[in-house]
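Taken from TrEMBL as is:
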type	residues	note
DOMAIN	8-335	domain 'Acyltransferase 3'
TRANSMEM	7-25	transmembrane segment
TRANSMEM	45-62	transmembrane segment
TRANSMEM	82-101	transmembrane segment
TRANSMEM	127-146	transmembrane segment
TRANSMEM	153-173	transmembrane segment
TRANSMEM	185-205	transmembrane segment
TRANSMEM	217-235	transmembrane segment
TRANSMEM	255-276	transmembrane segment
TRANSMEM	288-311	transmembrane segment
TRANSMEM	317-341	transmembrane segment
Amino acid sequence: MQSQQTRYYWVDILKVFGIFLIYYGHVLQRTYRLSPDAVFFQYKLIYAFHLPLFFFISGFFYKNNKDSKFTEIGVLFQKRIFPVLLFLGISFLIWPVYLYVKFGEIDYDFLIQNLIFLLEGKPHISATLWFLVCLFVVEIWALLLLPKIKTVLQGILLSSFFLYIGYVLTAIPELEAYYILPKNFWYIHESVLAFGFYAMGYSTFRWMKKLVELNPILRIALLIFFGWVTVWSVNLNSPSDSFVVVLKASEHGNLYFFLSAFSGILATIFLASFIPRSRWLDYIGKNTLILLGTNSLFMSFFNSHIVGWLGHQASTALVIFDSLWISVLTIGLSVPVIEILNRWLPQWVGKPQVDGPIIKKISPPQFLFLRKNFEILSQKMGRIKDDQKS
């Protein structure tokens, strides 16, 4: 399988599309409350594939390291959970002031309840950060299972199995009675399906590299085809009139979910193959993790106010225009945050092994308590096998 050493520009463009759809989609989410008729279809369309796209892309970057599994989990914790803790810390600093300015008092019950949610791995107070928590669990699945994958076919079979099991696990309410942990505790249940997209991205990366090098006319034809399939299939995934796919809540709808998700992913890949090189797009593509964090802040403290100020929009064209400029504006406002964090706190935004002016590189947590218990369990299992042989 591939070992991603080279940086591919079209992959960065995919990340740009993904993060822009997150910004744009969250503006639509707020606008939907005021202008449902003008917003609904594009809102439903974007949510049908934008997060499966991000999990799929994440699989491109998997590398099989030779470190111990506990060290690898420690590195993953640094790269995924440190940014969650950073932006949650910023959010918790802002919320009391925001509540007092808006309502004249601080709702401590609200803040305490959200602290309790964090113990369950659910950063509801900074909603977009759920993706990083889920990705952390997905990448633990990856380091346990993907080293065993030797061929593309094996990878496709593994990812298909997880997509099916993950879908069934969260689609049948009666199964919740058999969950060992509460539903989506640290997004473990949703991570099963998400790992399916991740493993599919990892397994088919070499195919994707070939697709973006096809004849331009053929790529245009495939872009139109997969774009049409995505638009056509979205409305077929409608268990209810107002249904929208929400991975965070494990709401996937019917099996047309997979058709919309994969056709949307492929359409986006073909579109990315036509985008000319741009310094700004390259910059955004390299900083999507920080942009995900800043979007959580804009969702909490900015989007609802600007959308409320704009008021009801009867025209879909006007909704698109407003959502575009708000998305571009908020991404632009994130640039100083990107520069500050990359310069002063790189260890807290996915680069733990980089020395910074404030904090030096951070060694990954070793999870020694887990390692010790695992070694004890292994020793006991070894003794049991020896006793059985004797």
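Glycine residues also receive a Cβ, built from the backbone N, Cα and C atoms like all the rest.
Caution: TrEMBL annotation is automatic and unverified by curators.
Take the transmembrane segment (288-311) and the stretches 7-25, 153-173, 185-205, 217-235, 255-276: counting Cβ pairs under 8 Å, 7-25 has the most. Long-range contacts of the transmembrane segment (82-101) within the same chain: residues 107, 110-111, 118, 123, 125-126, 129, 132-133, 289-290, 293-294, 296-297, 300-301, 341, 345, 347-350, 352, each at least 6 residues beyond the stretch ends and with a Cβ under 8 Å from a Cβ of the stretch. Under the criterion of 3 or more C-beta pairs below 8 Å, with sequence separation of 6 or more, the transmembrane segment (317-341) and the transmembrane segment (7-25) qualify as touching. If you look at the transmembrane segment (185-205) against the transmembrane segment (45-62), you find at least three C-beta pairs under 8 angstroms, all six or more positions apart, and that counts as contact.
Simply put, out of 7-25, 45-62, 127-146, 45-62 has the most Cβ pairs sitting under 8 Å from the transmembrane segment (217-235). Within the chain, the transmembrane segment (45-62) has long-range Cβ neighbours (under 8 A, six or more residues past its boundaries) at 2, 4, 11, 14-15, 17-18, 21-22, 24-25, 28, 131, 135, 138-139, 142, 146, 194-195, 197-203, 205, 208, 230-231, 233-234, 237, 244-247, 257, 260-265, 268.
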